[in-house]
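Record features, source Swiss-Prot:
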type: BINDING; residues: His16, Asp165, Ala166, Lys167, Lys231, Phe232, Asp240, Arg246, Lys247, Ala263, Lys267; note: ATP binding site
type: BINDING; residues: Asp18; note: Mg(2+) binding site
type: BINDING; residues: Glu44; note: K(+) binding site
type: BINDING; residues: Glu57, Gln100, Asp240, Lys271; note: L-methionine binding site
type: REGION; residues: 100-110; note: region 'Flexible loop'
Amino acid sequence: MSEYSLFTSESVSEGHPDKIADQISDAVLDAIIVQDKHARVAVETLVKTGVAIVAGEVTTSAWVDLEQIVRDVICNIGYTSSDVGFDGNTCGIINIIGKQSPDINQGVDRAKPEDQGAGDQGLMFGYASNETDVLMPAPIVLSHRLVERQAEARKSGLLPWLRPDAKSQVTCRYENGKVVGIDAVVLSTQHNPEISQADLQEAVMELIVKHTLPAELLHKDTQYHINPTGKFVIGGPVGDCGLTGRKIIVDSYGGMARHGGGAFSGKDPSKVDRSAAYAGRYVAKNIVAAGLAERCEIQVSYAIGVAQPTSISVNTFGTNKVSEETIIKLVREVFDLRPYAITRMLDLLHPMYQDTAAYGHFGRTPQQKTVGEDSFTTFTWERTDKAADLRAAAGL
């Protein structure tokens, strides 16, 4: 007998207040890394009507023009006028960044780099499944693509009455673990006051929703909710206060996998909240790409100042082709999950982080990028270059 289930995930646009904050925090991190690859950075941002507050702890030899960085991020998103809800050219900027505690430094820094301890205790999860081409859950992938398309239509002038703030939500129907349809779509987008709701709903349906979602997953009973409350003129930081790290489920797997609770943005790779979560995705994706399982969730945990993980566990939800004990053994053989080794394995000491701060940290395509004289690959944790090694070691 067929087993049906529904699962829903949401995403938000780059103009959502929390995502503005994430992008500012990661832009500051990138600017510091350009000058000092080994800086210790933990930057938090708050945005609200007419002001951006940047706080945190930084240990670095670099000097960056924080005010200009903040203004550039806000303006590039599209907030360039108080009419839109925020103006990056004129907003107030408050800088309350201090130095990192020497007590933390002594727990992290080591004479031998490979012995570098974790920057904090914590648990992190990585996940992958074979239900999409990027080995991610379909609901979060489709939710991201909707708000990415909203930004594209806004910035290109295709739908010039769109404004930066938007949210999406997609409910997928599963049969025996496979996606067979989309039951509901929600898209709320900020807009200027001149556009009628009827015109907005028609344009969004044709040029965003139907343009983005696979036609074979849409059916006659699919529900569409486009700006279901009606008018959405006031948005961005005027509508809601934005904070770094408040969209951790949007950033990861849309709720399909568990989350350790640590946010990503504004943190340098010595913080395992970020680097070990990226490593977890890398491990899980390679396990699925190798055919060892159709779904895989990995948990790692750390103690502050200690290099080796305190635990590694795997859950394949009954889809494994070899035992989970064998998979854990292979993970320990193929992947070095000490913090310094993760940084080297994924080549994380580059200004790659602002690109991660909107539309999800996972399921993205690695790209070659050059910043100044530094050329590197983004989203390295999305590579599947360990799949062949895992498959061979498993005897498949």
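Even glycines carry a Cβ here, placed using N, Cα and C.
For the binding site of ATP, formed by His16, Asp165, Ala166, Lys167, Lys231, Phe232, Asp240, Arg246, Lys247, Ala263, Lys267 according to the record, the largest Cα to Cα distance is 37 Å, rounded to a whole number. A straight line from the CA of Asp240 (ATP binding site) to the CA of Asp18 (Mg(2+) binding site) spans 9 Å. DSSP classifies Asp240 (ATP binding site) as coil under the three-state reduction. For Lys247 (ATP binding site), the same-chain residues lying six or more positions away in sequence with a CB closer than 8 A to its CB are Val12, His16, Asp18, Lys19, Asp22.
The two recorded residues Lys271 (L-methionine binding site) and Glu44 (K(+) binding site) have their Cα atoms spaced 14 Å from each other.
In three-state terms derived from DSSP, His16 (ATP binding site) belongs to neither a helical nor a strand segment and is classed as coil. Cα to Cα, Lys231 (ATP binding site) and Glu57 (L-methionine binding site) are separated by 40 Å.
Asp240 (ATP binding site) has a Cβ environment of 15 other Cβ atoms inside 10 Å.
Taking a C-beta cut-off of under 8 angstroms and a sequence separation of 6 or more, Glu44 (K(+) binding site) has the following same-chain neighbours: Ala21, Ser25, Val54, Ala55, Gly56, Leu243, Thr244, Gly245, Gly266. In this structure, the C-alpha atom of Glu57 (L-methionine binding site) lies 10 angstrom from that of Lys267 (ATP binding site). Looking only at the region 'Flexible loop' (100-110), the predicted model's pLDDT averages out at 60. Fewest Cβ neighbours within 10 Å among the binding-site residues Asp18, Glu57: that distinction goes to Glu57. DSSP assigns Glu57 (L-methionine binding site) to a strand in the three-state reduction.
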